[in-house]
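Database features, via TrEMBL:
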- Asp624: active site, proton acceptor (ACT_SITE)
- Tyr454, Asn629, Asp642: Mg(2+) binding site (BINDING)
- Gly494, Ser495, Gly496, His497, Phe498, Gly499, Gln500, Val501, Lys518, Arg628: ATP binding site (BINDING)
- 1-91: domain 'Ig-like' (DOMAIN)
- 98-187: domain 'Ig-like' (DOMAIN)
- 196-285: domain 'Ig-like' (DOMAIN)
- 292-388: domain 'Fibronectin type-III' (DOMAIN)
- 487-759: domain 'Protein kinase' (DOMAIN)
- 384-406: transmembrane segment (TRANSMEM)
Amino acid sequence: MQPQDVPTVIGGSVALSCGVVGSAASFAVKWTHNGSDLREDNSFSLTNTTWRNVKIFELKIDGIRRRHTGKYRCIVTNAKGSVTSRKSRVYFSSSVIPYKVEVPRPAVVAAVGSDVELKCFFSGSPIPQVIWYKDGNKVTDLGFQFVRGVGSRFEAILELSNVTSSVSGHFVCVVSGVAGTAEGNITLFVGDGRVPEVKSLLLYRDIRKGSNITLQFFVMSETEPDVTWYKDGKQLKDPGTIKLHANGTYKAELLITLAQYSQNGVYALMAQNQFGTGSANIILAVKGAPEAPSNVTVKQTSFQTILVSWLPGYDGGADINFIVRYKISSSDVWTSSGKISGNLTSAMLNKEEEWNGVFVFSVLAVNQFGSSESSEVSVNLNGAILGGVIGGVCAVLLVIVVVLVIRRKNKKKKDPAQPLPAVQYSVVGEDPYTYADPNFGQSPPTQRCDTYSYVTIKPDAAAAMAAGSEYASISRPKQWEVPKRNVRLDKKLGSGHFGQVMKGYLKTKRGIQVVAVKMLKENADQQQKKEFLDELELMKPMVPHPNIVGLVGCCTKSDQPFIIVEYCSSGNLKDFLISSHGSVVYANMAGNSVSLTSRDLMSFAWQVARGMSYLSSLKLVHRDLAARNILVDKGNICKISDFGLARDIYEKKQYLKLGEAELPLRWMALESIFKGITTTESDIWSYGILLWEIVTLGANPYPGMNRDQVIAQLHIGYRMPKPQYCSDEVYAIMWQCWQQEPEARPTFLEIGKTLHRLMTAERISIDLNNFDASYINATEERDELVSRDLMNVNFRDVISTDCKLWRIRLMILLLSL
């Protein structure tokens, strides 16, 4: 530290200082004035202080006279020699400039144990004296004070080390001298370094359209945080308000006036203080009369039959029905169809006489809050349709389709290396509509990276993620391969197209162990065998987890490999839930009667979330998360099965076909259906469907809809409504899982924490005493109901409709060739 040049005035005061690093006891200091040793008098005073390992020597001169001006040096000496500072000139200033003080940080927050610098910038002439005060008292033995500067701008600094909460307070730096007095104020807060914790009393709020609502969060923070509001992941311009609610708790509010449907969504508050950031979400549902249907189309399918179709608008947050009406354009009398289920987007209208003339058709939506405006369309109908002509055209189209199919098969035989066409959707075991989707790849890869499945997991990394004694549910054998002679197969547990699962008994050194044995059927090809063995390699490095079906061993030395896994005595969760229908007391597959409670169901949901959190930590994507793939063991322990490439042991009706692979449509996320993307976020969507299955005791998702309707309804934003006996908090989790943007969905860790809180709360989240019995019949798909309805359609309607279907199939087939 070197002395500075100091301007002054007659009668003023100046302070010169120099510093040296080293042991305080080993130095001696003297000052020189204009090259000679300083002759001390009453005007001079010498002091020294120590800060850390720095020795500070100060020369203060009061009552300045002309004899005091000149050049000063500081000479410090120890046993090894001496060092001399540069010259510091004290001179009379030609002018007096008033002092000004600026504080760069008027409020300083620091964590306990940290080092803090409080700063005041000042200017003016001549150089003044600086004194620090804390809470009105002069600072003497707290910290280290010094002044440094360049030109006419100076900086007063108070350094504080290893601060504690007692150092918190109001600091003032006072600058005074011949040119007057000025001061700067700094508030210092020393806390324990906690990031803000954001909480909401409610996870879900609903409001009538056109009303006002205030969204509210409580923020626990040592200092007032900066808050930002987001809707569906996008920052809002409205900053809202925040004010102190209680000691250490702030209340943040966002006022929404005249709420509209566009304000439906997930709102988030992000709170930030000097130590970090915290956030929380709340779902807002604006409810009211439904929006009017759009794109009303009318097609004549036979002499007396009209097909009216439409696209539904927003349902207003409640179950809706549609009403279809028609009239002759010149008449004021309407004929109504009656109420049509909100799950449908078309209706068949029949008249005894032919449709001939100009008709007006109207479609409107109704719910418990009111009705929409009607959407109308005027159509000129020409009357009769020639059934014979239609039949002939359909016959010609059928011949063309057969010829094209034969040509394509012959072409494949000639060129077996020909690449597959664009991936297609087709309903397995149902009417073979095909939807070409060029955004999909040829076939799902068996190796993926980043957030996709089947990365290579190192055992030590997996072990680190699974740290904790609770994961040691089964032990890891020294080697996985077991002799096939040690495995005895018993009854069949499940079967698919290419694989099956058998109950078995494994002979080990400790005795006989009951296991489940997965194997391929004889008709499995090399690709299925490869995927089967890939699943085995995926399971080997995984650390045992209480909610994951564990690998016990394998037999891979023969042409028919076995994968041997834990046996779960109570079967899959879907059957376990369905068996409870009709009573709150049900029997599981082991024959033991247990009571079904809200806590049981919440426990199932929490266990699955915990297991999926573990899988996602390994960067694994399940791709088929559903109640049928959750196994239940003794003590109602849920274990996730069929993760990775296991895609064969399915219930056939639940799947669409993607090339040679099958897809669980009703459990798939939007991006998986329409873009072919599967990530952890798409697993979270599937988890929301699984949670709905648990709440409805194993009902089939999207009840009353066939698969084509599911695709169409999801495309326009439909989500399954809340079961009446389900709490808002549980439904809010489902709703968050079904957000359109994957990034807006919660993580499995967040879901698990929320469910654990709900599970341990003294309240009923799923009121089984008011269980809706209509879900008992919701295990069959809409396709079967539609096929029964077709029995009542007259023969000419069937001919016309069938011809339309063949034309659609022909068009798609031509595009795929």
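Glycine residues also receive a Cβ, built from the backbone N, Cα and C atoms like all the rest.
Structural mapping of features recorded in TrEMBL.
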residue	record	Cβ neighbours (10 Å)
Gly494	ATP binding site	18
Phe498	ATP binding site	19
Gln500	ATP binding site	17
Lys518	ATP binding site	25
Asp624	active site, proton acceptor	24
Asn629	Mg(2+) binding site	25
Asp642	Mg(2+) binding site	25
So what's the mean pLDDT when you look at the domain 'Ig-like' (1-91)?
83
Mind pulling out the one from 1-91, 98-187, 487-759 with the most Cβ pairs under 8 angstroms to the domain 'Fibronectin type-III' (292-388)?
487-759
By Cα-Cα distance, the member of recorded positions Asp624, Asn629, Asp642 nearest Lys518 (ATP binding site)
Asp642
If I take the Cα of Asn629 (Mg(2+) binding site) as reference, which of the binding-site residues Gly494, Phe498, Gln500 has the closest Cα?
Gly494
Inter-residue Cα distance where the pair is Asp642 (Mg(2+) binding site) and Phe498 (ATP binding site), in Å
14
Would you mind reading off the Cα separation of Asp642 (Mg(2+) binding site) from the residue listed as 'active site, proton acceptor', to the nearest angstrom?
8
How long is the line from the C-alpha of Gln500 (ATP binding site) to the C-alpha of Asp624 (active site, proton acceptor), rounded to the nearest angstrom?
17
Kindly assign Gln500 (ATP binding site) to one of the three DSSP-derived states: helix, strand or coil.
strand
